[in-house]
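K.L.:
Just dropping this structure here.
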Amino acid sequence: MIASLFSKTRPINYAIILVLIVFCFFLYQFNVNNEAFTLHFLFQKGIVLLLILFSFFLINFISLKNSLTKNDNYSLLLFFVFVLLFPTILDNTNIVLSNVFLLLALRRLISLKTLNSPKEKIFDASFWIFLSAIFHFWSILYIVLVFISIIFHSGKDYKNWILPFVSFLCVWILYIFASLVLYDNYTVNNAIFNVSFNFFAFDNVFQNMALASFVSLSVLFFSSQTIDYQNKPLNMQSSYKQIYFSFILAVGIYIFSANKSNDLLIYSFAPLSILGANMFEKFEDNIYKEVSLYLLVGLGFFFFFAQL
C-alpha cells in the first residue's frame, strides 16, 4: 500500500507526511524538553518546525522540478524516514537552518543545466552556502560543488569562477554588520575551525544502531545508483553527478565536524532520498517494493520511539 500510494504525486501524500512530521515533532518536544512551554519557547520551536517542513518542500521541488525522480513521492517518504532515525534533528535549529541554505544552493546549482542566467545562479548558490557556514562552519565544503557545477555547465567564462569569491565577500560584510548591530562587537570563534575524527562519541546504543542502519542504507542507495549511472539519460547525467558529489561532500562535513552527532547526517538526506527514490523506481516486483518500504518506515519509527 505504501509503495502504490507514494508511486504518484498525490495531495494525500503531502497531507500524510505533514501530519506525521508535526505529530513526531511535538511528541519529541514533550518527551525530551524539560523547559516550561512559554510563548518564547513555542515561537522558537515553531521556527524549527517550519524550517523542517520547508526542507521537505525543497527536496520535493528539487527532485520533481529537475526530473531527478519520476512523478512520485518516494524521495519525500525517504526523507521522512531519515528524520525518524535521528530525532535529535528536530531540536537542532542551527543544523536544520544550515541544511535549508544548502538545499537552496543545490536547487540553484542543478538548474544550471538550462544555461539560463548562469552567473545569477552561481552567485546565489555560493551566497547560500556561505550563509550556511555561519550556522555550521564545515558546511562550507559545499562550495566545492559550485566549482564542480561550473566545470559541468559554464567553465569557459572566467567570470563564473570569480563569482563565488564575490559571494563570500558579501556574506562576510553582512556577518560583520549583523555582529556589530546585534552584539556591538565583531569576533570569530576559532573553535569553529576545529576538526575531530572521533566517531565513537555516542553514549546511546540506539543512536549507534540508527547510525549503522543509516550507513548501510547509504551504501546501498549510493552504490546501486552509481552502478546504474550509465543508464541515466544523457541530458540528466550531469545533474546526477551533482547529486553524487553532494552526498560525498555531506559525508565530508560529518567527518571534519568537531562535535560529532547524528544531526550532522541531515546534510546527506536530500541526495540519499533522491538516489533511494531512483532505486525503488527500478523495482519491478511490487511485493518486494511494498515490503522494503514497510520495513524502512517501521525501522524509522522503531528508532524514533527508542530514542525518546
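Quick reminder: no glycine exception, Cβ is built from N, Cα and C everywhere.
Heads up, TrEMBL stuff is auto-annotated, nobody curated it.
According to TrEMBL, the protein carries these features:
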TRANSMEM  12-30  transmembrane segment
TRANSMEM  42-64  transmembrane segment
TRANSMEM  76-106  transmembrane segment
TRANSMEM  126-152  transmembrane segment
TRANSMEM  161-183  transmembrane segment
TRANSMEM  205-222  transmembrane segment
TRANSMEM  243-258  transmembrane segment
TRANSMEM  287-306  transmembrane segment
K.L.:
Answer yes if the transmembrane segment (42-64) and the transmembrane segment (12-30) have at least three CB pairs under 8 Å among residue pairs 6 or more apart in sequence, and no otherwise.
P.N.:
yes
K.L.:
State the non-local partners of the transmembrane segment (243-258) in its own chain: residues 6+ outside its ends, Cβ under 8 Å from one of its Cβ atoms.
P.N.:
68, 106, 110, 136, 138-139, 141-142, 144-145, 148, 191, 194-197, 218, 222, 225-226, 229, 264-265, 267-268, 270-272, 274-275
K.L.:
Could you tell me what the rest of the chain brings near the transmembrane segment (287-306), counting residues at least six beyond its ends with Cβ under 8 Å?
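P.N.:
Same-chain contacts beyond the flanks: 1-4, 6, 24, 28, 77-78, 80-87, 206, 209-210, 213, 217, 280.
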